[in-house]
Each structure stands twice: as structure tokens, then as C-alpha cells.
Amino acid sequence: MNSCHPPQDEMAGLIGIYAFQGFYGLLSVVVYTFNIRALRHHKNNLDKSFSLLYTCCAALSLTYFLDHFLIRRFVKLGFFCEIILENFGEPNYWMMPYKTIASYCPIAILVFHALIAAHRFSIVAAPMRGVQLWDRYRRLFVLVGFLIPLIFMWFMIPCKSYAELDSEGSGGLDIEYKKVFSISSSLAAAIAAVLFGVLTLCLTFGMLIALAKLSLRKLSQAEISLIVFEVFMTVFTLIYAFTQGILYYSIYIVKDMELKSTVIQFRTFAIDIFILPQAWTLLFLSTTVRRYTLRAFGKRLGVEFLSTEIEKSARMVSVAPATISLQKSTVLNYNFTLQNLF
């Protein structure tokens, strides 16, 4: 449909979906912010490697959601359509930051999910070496994590971008870019999604296999929570990777426009499933993060959720040395400094 605005009979439903996505998305942004602050506040007592990886991943997720929600989903509704077309209908560099962020962030998030899975696998499979490796090279791993996505989208950086009517959807605008190099961004994104999705899955399975060799009855609630966190992260990553793979398959292999339309409708939810739940899983599973968040909300609402005695007790636990049983367990000795984080 070559129209600035979606059909009137669809507009109310689209606005409802947009508002719903905005509500849970912005709420997740707030939770992510508190999670990051909690990890920074307790950085002396928590696993610095995980805290750094999670913080980077959260920052990328926040950037990608705000970029995707405030621009792409906004223009799909046709708001200010004529003004945008008049000013940005021709290729220009003003709109290219959106395309660059929209291409870079999801790949970077995939990479950091794989790094978190690698961190967990190395700590479980080889605790002492894993601890030494991540303590020594965590900043290098993070730097590499930010550079790897450029391999899959560098060719988009010098391109110009422009707004055009969405001729394949239900109206509204789309933002495209003018190619400088004859490289398919869809293919690169699909390869990255499948590659790092499978890598995250393999590392998670490796972690579970290593854990299976231990006495599962000796696992603490903290470690079980940590396993649940990674399993959820892997599932969300695979949902996004599968969606990206099917999208490329529908467009370039079978050229099934009906399948493409169905996948695109689901893709916005797949993106949210991919980038937002890590805020909630850490909040629900981590006692430290949850305690900090409740205390922060309590100060703003004038309510004391936790007494001073509980805070003192928690602080004593967080700095207490490892117990004998903890020292004997090669897994419990380091995972997120489990007794502190969970």
C-alpha cells in the first residue's frame, strides 16, 4: 500500500500495540537502569566480569529498543509522514545514525550473549583457569565484543539513508539506505544471528553437561538461579536468531511474500523478547539487585521496604569469606560470587 497512513480500520489496533509495547518496553528500561546501578553499587562484592558483560549488554539493549521503538515503529504509524518525506525523502546522512544503530546493536547483543555464555561455561568447566582468564582479560573481551559486530555491518557506515513510503506493508513509512557496496545487510544479519545463536546454545549445553558431572543435590539455590538465568537468555537468543533466519529465507530463498509479511509482524515482538527479558530475569533471580531496586523505589515513594538490620545483615553476608563447603565446590566458589549476587 503506497500511503502515508495505515488504513483507518487498522489504526486503532496499531496504536494499541504500539502503546502496549511502549509500556512494557519503557518499564524494562527502568528495570535495566536499576540493575546497572545495583551492579555498580555492589561492584566490590560481585563478579566483576559478569557485571561488566551484563552492563554492556544492557546498555546495548536500551539503545536498540529506544532507537527501534522511537523511530521505526513510530514512522510505521505514519505520524508526521509528509514532513519526514519532504525533508528526508532523498538520501542523506542525517538519518544514517538510526540505520547504523539498528544494524549494529542486535549483532552486538548477540555477541555479548555469547560472551556471557562463554564466561559461565569457562567458570564451570575450569574454575581456576576461568577465573584467572576473565580477571585478566575481561576488558579485552569486552573490546572485542564491541568490534566483532563491525565485521557484519561495516559496509553500512558510509551509506546515506532516506525515508520512503512502505509499499509492502500496511502503509506508513520505512527507512532505507542507499548501498555503497553490493553486500546484503539481511544476509549478514542472518549469518550473525544464526552463528552467535548456535554458539550461545552450544556453550549453554556445555555448561549443563559440566554441571551434570557434579552432584546436582549439592547445588545451592544461588547456582540454580544462575543456571535459570542463562537458560532463559539462550532461549530468547534462539527466538531472535530463528526469526532472522526465517526472514532471510522467506525473502531471498523461497521469495514467499506472505511468509515474509507474517515474519515481519512477529519480528517486532521477537526483538523485544530478545532484548528486554534479561532485565526482569536478573531482577527476579538476584537477591542483591532486587534488594537494591526495592530500596531505591522505597526512597522515592517514602516507604522503607527493608529495615536497617536487614541491610546490615545483607552487607555482612556480602563481604563474608567463603565457607569450607564453598571452597570445596569448584562451581560455587566463583559463579557471579553467587552468595553475593543471588
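Each residue, glycine too, has its Cβ placed from N, Cα and C.
Since the structure is predicted, the reported quantities are computational estimates derived from the model, not experimental observations.
Per Swiss-Prot, these features apply:
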TRANSMEM  11-31  transmembrane segment
TRANSMEM  51-71  transmembrane segment
TRANSMEM  106-126  transmembrane segment
TRANSMEM  140-160  transmembrane segment
TRANSMEM  191-211  transmembrane segment
TRANSMEM  222-242  transmembrane segment
TRANSMEM  269-289  transmembrane segment
Is it the case that the transmembrane segment (106-126) and the transmembrane segment (11-31) touch, counting contact as three or more CB pairs under 8 Å in which the residues of each pair are 6 or more positions apart? no
Long-range Cβ contacts under 8 Å made by the transmembrane segment (191-211), restricted to residues 6 or more beyond its ends, are 106-107, 110-111, 113-114, 117-118, 120-121, 124-125, 149, 152, 219, 227, 230-231, 233-234, 237-238, 240-242, 244-245, 331
In terms of Cβ proximity under 8 Å, which residues at least six beyond the ends of the transmembrane segment (140-160) contact it? 52-53, 56, 91-93, 96, 99-100, 103-104, 107-108, 111-112, 115, 134, 177-181, 183, 185, 188-189, 191-192
Cβ contacts under 8 Å made by the transmembrane segment (51-71) with residues that lie 6+ beyond its boundaries: 21-22, 25, 28-29, 32-33, 35-36, 39-40, 43, 98, 101-102, 105-106, 108-109, 112-113, 115-116, 119, 138-139, 141-142, 145-146, 175, 268, 271-272, 275-276, 278-279, 282
